[in-house]
Amino acid sequence: MAGLAGAASSGGDTFPKILLHNADVFGTRTAFREKDFGIWQSWTWSEVLNEIRTFSLGLADLGLQKGDKVAIVGSNRPRLYWSMVAVQALGGVPVPVYADSVAEEMAYVLGHAEVRFAVVEDQEQVDKLLSMKEQVTSLEQVVYDEARGLRSYDHTCLHSFETVQQLGRKNLEAKPDLAEAWSEGFSGQTGADVAVMLYTSGTTGRPKGVMLSFDNLVISARNGNAFDNLDQTEEVLAYLPMAWIGDHVFSLAQAFTAGYCVNCPESMDTIDVDRLEIAPTYFFAPPRVFENMLTAIMVKMEDAGKLKRKMFDFFMGVARRAGEKILNGEQVPLSDRLLYGLGEFFVYGPLKNRMGLTRLKVGYTAGEAIGPEIFRFYRSLGLNLKQLYGQTEASVYITLQPDGEIFGDTVGKPAPDVELKIADSGEVMYRSPGVFVGYFKNDEATRSTKTEDGWVHTGDAGIIAENGHLKIIDRAKDVGKLADGSLFAPKYIENKLKFFPNIKEVVAFGDGRDMVGVFINIDLTSVGSWAERNNVNYASYQELAAHPDVYKMIEGHVDQVNRDLSGEPMMAGAQVRRFLVLHKELDADDGELTRTQKVRRSFIAERYAPLIEALYDGSKGKHIKTEVTFEDGRIGSIEATVEIRDMPLYEAASGMEEAAE
Amino acid sequence: MFYREAGQFKTSYEKDQALFPIRQDKIGLGVILLIAFVVIPLTANDFFLASIMIPFLVFSLAAIGLNVLTGFCGQLSLGTGAFMGVGAYAAYKLTTIFPDVNVILLVLTSGIFSAIVGAIFGLPSLRIKGLYLAVTTLAAQFFLEWCFIRIGWLYNYNASGAIEIPTREMLGVVISGAEATPLARYFVVLSITVVIAFLISNVLRGRIGRSWMMIRDMDIAAELMGIRPLQTKLMAFAVSSYICGVAGAMMVFFWLNAAEPSSYSITLSFQILFMVILGGLGSVGGAFMGAAFIWILPIVLRAIPSMLGVDIGAETVEHLAFMVIGALIIFFLIVEPHGFARLWQIAKQKLRVWPFPY
Amino acid sequence: MLYDIFVDPFVQMYQMPDFFLQVLWEGFVAGILYALIALGFVLIFKASGVFNFAQGIMVVFAGLTLVGLHENGVPAFLALILTIGVMGVLAYGIERVVMRPLVNQPDIILLMATIGLTYFLIGFGELIFGGEPKRMITEELGLPTGSTAFEFGERGLVILQHIDIAAAVIAILMVTALGIFFNKTRIGRALRAVADDHQAALSVGISLNQIWAIVWFAAGLVALATGIMWGARSDVSFALEIIAFKALPVLILGGFTSIPGAIIGGLIIGFGEKIAELYWGGLVGGGIESWFAYIIALIFLLFRPQGLFGEKIIERV
Amino acid sequence: MNAYVGAEKLPVAGDPEREELLRVDNVSLSFGGVKAITDISFDILKGEIRAIIGPNGAGKTSMLNVINGFYHPQEGTITWQGKVRRKMKPYEAASQGIARTFQNVALFKGMTTLDNIMSGRSLKMHKNFFWQLLWRGPAEREEIEHRRKVEDIIDFLEIQAIRKTPVGRLPYGLQKRVELGRALAMEPDLLLLDEPMAGMNLEEKEDMSRFIIDVNQEFGTTIALIEHDMGVVMDLSDRVVVLDYGKKIADGPPEEVQASQAVIDAYLGVSH
């Protein structure tokens with residue numbers, strides 16, 4: 001493995017070893033910060049070593065053994081990150097779990113992983129774990145970070161983070177050579193040992209536990225650091241779920257290998273302010289975050305004064321024309337360069353400042369396709385935003401966009417050390433040092449995903465373009481054919497529609513049918529502000545969604561997409577024939593979305609079967625009643641008559657001309 | 001726009017509670033101080049120093065003093081002029097009694113007398129609120145003014161009834177009296193004003209400042225939370241009067257050289273009150289802005305006709321200036337009752353969130 | 001010393017009763033005039049909660065307009081009517097330009113606005129009429145001049161100026177007229193409704209703006225009367241503005257909203273200050289008139305913060 | 001894993017273990033002849049949540065005002081921590097450990113959330129004027145020491161996002177929460193809450209109830225509260241005293257009080 005030589009030359013091959021190294025080399029540099037009690041509480045690397053060591057020793061005292069699984073549940077907090085390394089130092093395996101998953105989901109994961117210990121954030125999580133002690137019989141000890149409300153609980157098996165650390169500290173005082181012994185304990189670990197188990201949320205079936213070794217993570221992280229020249233001076237904001245591979249790599253693996261600082265926000269309410277304060281130099285977000293930021297910008301600008309809006313529009317025009325070229329180092333007329341400089345002062349700079357991206361060195365978006373308009377918007381401001389394509393099974397990195405080779409519709413070239421190929425079925429496959437060890441207690445799945453010689457099925461259909469960049473079309477299994485044989489890639493259509501800010505979510509149907517029909521979810525922020533400006537009155541989401549003016553607007557968007565599709569030879573056959581606007585927002589609480597906010601197609605097909613039926617039987621509308629879960633957990637139902645509209649189609653050849661008119 | 005705050009995060013309460021937590025503000029303040037201490041002395045002529053800057057600083061300090069009482073503690077006072085007078089007469093008597101003591105020290109000491117007098121006239125504030133309290137401070141104004149006229153001892157029984165400031169030196173430089181250069185006086189006034197403004201800002205952000213604001217915002221709640229109303233109000237009266245007293249002493253020592261009782265009349269009280277209101281109640285920075293407006297505007301107004309080459313009698317100009325000032329005061333009260341400080345706050349907020357409206 | 005303070009003045013009063021009576025009369029007249037100014041304050045405060053600092057300058061302004069018009073050849077009575085018209089325009093202007101945009105602002109802001117108004121009127125008045133004192137056109141208006149001396153006791157003499165008698169009579173007439181206006185007329189009742197409850201007033205269909213214009217006009221008329229009376233005693237000059245401050249202690253005594261309070265307060269201050277000045281003032285060098293009224297008010301406030309006729313305030317949380 | 005001892009409350013009424021914190025004996029209060037409170041006696045035990053309920057105008061707020069020294073009763077005595085107290089100023093009550101919130105939020109409108117809660121620490125801060133002038137050194141250290149305590153409260157009440165917002169701009173529900181924070185900052189022995197949930201929606205009420213219970217359990221603070229929402233009162237309180245027209249008509253555990261005929265009559269408005 002080529003990349004390993006340079007990257008792994010220092011620091012060690014497991015996180016506990018890297019920790020020792022960092023405490024030594026970066027001792028006084030800040031390693032973690034957390035906005036807590038109003039200020040950014042900070043820890044240097046040597047302090048972090050100390051914290052992790054005492055906690056680790058405390059866990060050992062509580063009886064944590066090599067090979068034990070430890071659940072980590074909660075939002076991004078330094079202590080939870082430390083817990084993972086503390087567990088690893090004892091030879092245990094941390095299992096981060098999505099903190100907002102419902103008890104049932106969590107119980108399955110914890111039971112499957114056979115966790116013995118759990119380190120959790122607060123009372124809410126403790127309650128959740130206590131409620132599932134029947135399902136999770138292996139669970140013995142629970143450690144919590146936040147003591148609030150837990151005073152009166154029985155503490156025989158429940159410990160606060162501090163008391164565990166005190167335990168460790170006491171032992172350390174009693175036996176001063178314990179520190180030495182602790183380091184000794186993990187010096188024998190190798191890169192091949194399992195470092196962490198991450199459960200993939202999976203759009204279908206039960207979650208699977210992906211076992212990643214230290215090598216997987218450490219080498220991938222070092223390659224990533226080298227690729228973007230990341231070093232100990234970076235600042236990142238850890239705000240994505242800890243159970244997600246993205247966060248694990250960015251906020252732990254890369255942070256440890258590069259030695260940079262991880263900042264945990266105060267709460268999800270304050271994230272915008274926290275990002276503004278920290279101004280991360282390396283930022284990672286799914287497209288959704290960028291979309292929301294852009295929507296917020298546009299909505300706010302709508303409320304700005306006329307002059308300001310004019311100025312904004314003018315300079316955004318300049319940015320569209322010249323911004324990306326300047327970022328890519330291309331030739332730009334002097335006048336545009338000057339205007340861009342002016343725009344930087346008046347608009348781009350302040351805009352980046354408000355988003356907290358002033359210091360951004362490189363930003364990534366991944367997880368889903370990002371709208372080309374959105375992508376271009378950020379890049380035209382001079383932000384080095386790039387796309388990457390990755391998976392839990394690959395320790396994130398499969399392909400990356402190198403600096404200067406940014407194309408909106410592709411996800412980049414293979415990352416360092418990654419081999420890529422397209423299977424005969426059209427499915428993308430890869431082989432890399434980051435390839436996972438296997439699925440925990442699920443050899444069958446492991447075998448069907450990972451070939452004997454180490455190639456992994458991504459499950460995505462894609463093509464490699466002439467310039468060597470990978471282009472993803474859809475999930476391999478979702479790509480289907482219409483009854484007339486034309487290619488139907490639902491995600492492709494959905495994404496095209498979702499790139500309109502007014503549309504939040506789309507579900508396309510058509511496999512095996514004679515035409516394409518779609519469900520559309522409007523974006524409440526965007527459409528709501530549109531309604532306000534246009535004096536459209538509405539009392540509820542449902543009313544807004546069914547409003548004729550809204551329908552008209554959406555119809556325009558669908559028409560635009562059909563035109564676009566007609567221009568692409570492979571996709572022209574699958575234009576949208578009929579659509580409807582859903583009366584309720586798709587929601588993870590109702591099981592319609594995954595916890596990472598991806599559409600659960602089959603579930604929706606089942607739940608809204610009558611609507612699908614109506615899409616294809618030519619009716620103009622359909623009455624439907626749907627069960628919903630309210631925020632407080634109550635179950636209720638809403639009903640509505642949903643209108644269905646027909647759309648004209650464009651011919652594949654003439655579509656181009658019409659579009660050009 | 002100029003406020004690019006991304007990346008300014010606080011890792012300690014010390015920094016979070018700083019007077020100017022935003023870096024750009026710190027830079028701005030630095031620039032202002034640089035101009036005040038270096039650029040103006042190097043470039044300005046005597047007229048500018050003696051007729052604009054020195055009075056402006058003196059009034060700023062007095063406005064800060066009144067602001068402590070009215071803006072922060074919510075107690076309306078119309079006796080500022082008299083409290084300034086107490087400072088002036090006290091300082092004058094002190095130089096007579098202790099001719100060898102540094103005059104700056106005496107000016108600073110004179111404030112203590114003013115503080116005592118202020119606290120005495122603040123006593124009724126325990127029972128009296130709002131406009132009624134204003135009347136009691138008017139009592140102080142007229143009573144003290146009368147004292148300045150009738151008690152000859154205060155002005156050393158001069159035939160003129162005025163106090164005249166003797167020449168005093170510090171470090172070999174004449175800083176008071178007719179021979180003192182405007183530059184020397186400017187430096188003294190500037191230093192005292194800046195230091196007191198800084199010190200009082202410290203008080204205002206701490207426990208004591210908070211207790212004043214508690215009384216101002218909701219006196220009943222404050223009392224139920226353990227604030228002793230009388231002590232707290234008296235302290236505000238004393239501190240406010242101290243600052244006004246020092247300003248009053250500076251007024252005669254470093255600006256006018258001589259003063260009559262009428263220098264500290266009710267007109268002065270109103271002038272200072274205007275500075276506070278237009279500058280913004282409850283803002284130290286606003287006091288400077290208010291003082292600049294009220295002091296400098298008439299000078300500019302008087303200068304306009306001659307600049308335009310229009311030949312109008314000096315008296316007419318004076319009358320017109322009065323009208324314009326009166327009208328502008330009403331105009332600003334209507335536009336922004338919370339004063340320039342609020343206007344600046346709004347502008348600053350706009351700059352911070354630029355290009356967004358909020 | 002103690003003798004000078006506690007005994008001697010009373011001995012004097014007894015020994016020279018004519019002088020004492022003269023002092024009382026002086027006090028009475030001063031009191032009436034203070035009361036008239038205070039009345040102007042009360043009218044406006046009652047209806048709009050504005051502490052009108054400009055009342056003093058309005059007195060001067062009214063007086064100057066009257067005299068100024070006459071100087072320019074306008075017959076006295078026509079000048080009087082025109083002046084009333086000017087005060088009406090002024091009241092309307094103030095309501096439109098100053099009060100209406102500042103509605104619902106805190107007391108202190110409104111107070112400041114009236115001080116701003118004072119500056120404006122001083123500048124405006126001086127611009128038109130010049131800064132020199134003018135003689136009031138007392139005779140031209142048909143007001144009495146001269147004086148009558150009453151013999152008192154064996155060798156005593158009390159002198160009553162006719163204009164003072166006229167002032168007293170006019171003041172009494174004015175108060176009576178205002179009393180009738182407030183109690184018997186529709187607008188008067190509306191004014192009282194506004195004073196009691198703005199919301200209620202609105203709900204019975206009275207325009208607040210109208211009412212404010214009317215009270216400012218009424219205050220303007222009172223100012224005109226005060227200006228004539230006071231001008232007849234001394235001269236019409238901007239120095240008169242200072243007497244506005246005298247109205248403050250009067251208000252404190254009488255309460256900010258009570259018309260009888262203003263009268264009684266004015267008299268107390270008038271009597272008190274003259275007696276104190278003439279019998280005790282000499283002990284401390286004289287001139288105590290300038291602050292004596294305030295000290296009375298201050299002492300009074302400490303015991304009765306709500307004034308003579310104000311209602312007791314019960315604080316609630 | 002062992003079951004935890006739940007948030008069940010220990011019975012308080014008549015519990016000899018519990019010390020008496022405050023006792024009101026035969027208190028009567030009138031304003032200019034109008035009787036607001038007539039001959040009322042009750043006690044508050046350490047660590048309990050005591051509710052004072054009654055129809056509008058029953059004298060509940062007056063009762064609180066008497067307890068914290070804002071009104072002085074014409075008759076009767078108040079025994080605070082074993083000492084009978086005479087006429088007492090409100091700030092003395094505060095310094096002896098009685099804090100309260102108000103029916104109509106009485107926050108310091110010109111200050112931020114943080115400063116409002118800091119103001120609750122006033123009694124515990126002592127650095128004199130001259131240290132304050134200097135700021136650096138003792139005054140700053142003291143300020144920070146108390147800031148930490150205040151940040152604990154902000155964290156406890158989950159109001160981090162509004163820390164530096166002027167309270168005037170906050171919605172009503174949050175203002176009430178800030179006010180509770182301000183009272184908590186005084187670390188009182190007795191916390192008086194005057195209609196802590198007035199004007200709140202269901203969700204806000206639930207939050208507030210949780211905070212009240214948490215305050216009582218986490219800090220052991222004794223709480224006396226006035227509340228209209230009977231459901232809330234029954235859930236929260238250990239004992240309830242019912243007033244009507246300034247007189248006490250019932251006193252006891254919630255269930256008992258709820259069943260009392262006098263109480264039912266009072267709430268239904270049966271004439272006397």
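Note that Cβ sites are derived from N, Cα and C of the backbone, with glycine treated the same way.
Feature annotation from TrEMBL assigns transmembrane segment to C:20-43 (among others).
Note on the transmembrane segment (C:50-70): residues 37, 40-41, 44, 76, 78-80, 82-83, 86-87, 90, 99, 107, 110-111, 114-115, 117-118, 121-122, 124-125, 128-129, 134-137, 140, 219-220, 223-224, 226-228, 230-231, 236-238, 240-245, 247, 256 of its chain, located 6 or more positions outside it, place their CB under 8 angstroms from a CB of the stretch. Positions annotated as transmembrane segment by TrEMBL: C:50-70 (among others).
Feature annotation from TrEMBL assigns transmembrane segment to C:76-94 (among others). Beyond the transmembrane segment (C:76-94), the same-chain residues lying 6 or more positions past its ends with a Cβ under 8 Å from any Cβ of the stretch are 58, 61-62, 65-66, 69-70, 117, 137, 140-142, 213-214, 216-217, 219-221, 223-224.
The transmembrane segment annotation in TrEMBL covers C:106-129 (among others).
Here TrEMBL flags C:159-182 (among others) as transmembrane segment.
According to TrEMBL, the transmembrane segment annotation covers C:211-230 (among others).
Annotated transmembrane segment per TrEMBL: C:250-271 (among others), in sequence order.
The transmembrane segment annotation in TrEMBL covers C:278-303 (among others). Long-range contacts of the transmembrane segment (C:278-303) within its own chain (CB-CB distance under 8 A, at least 6 residues past either end) are made by residues 4-5, 9, 12-13, 23, 246, 248-250, 252-253, 268-269, 272.
Across C:106-129, C:159-182, C:250-271, stretch C:159-182 shows the highest tally of CB pairs under 8 A with the transmembrane segment (C:211-230).
Counting Cβ pairs under 8 Å to the transmembrane segment (C:20-43), the stretch among C:106-129, C:159-182, C:250-271 with the most such contacts is C:250-271. Away from its own ends, the transmembrane segment (C:159-182) comes close to residues 22, 25, 28-29, 32-33, 35-36, 39, 43, 138, 143-150, 188-189, 191-192, 218, 222, 225, 229, 232-233, 259, 263 of its chain (Cβ-Cβ under 8 Å, at least six residues beyond either end).
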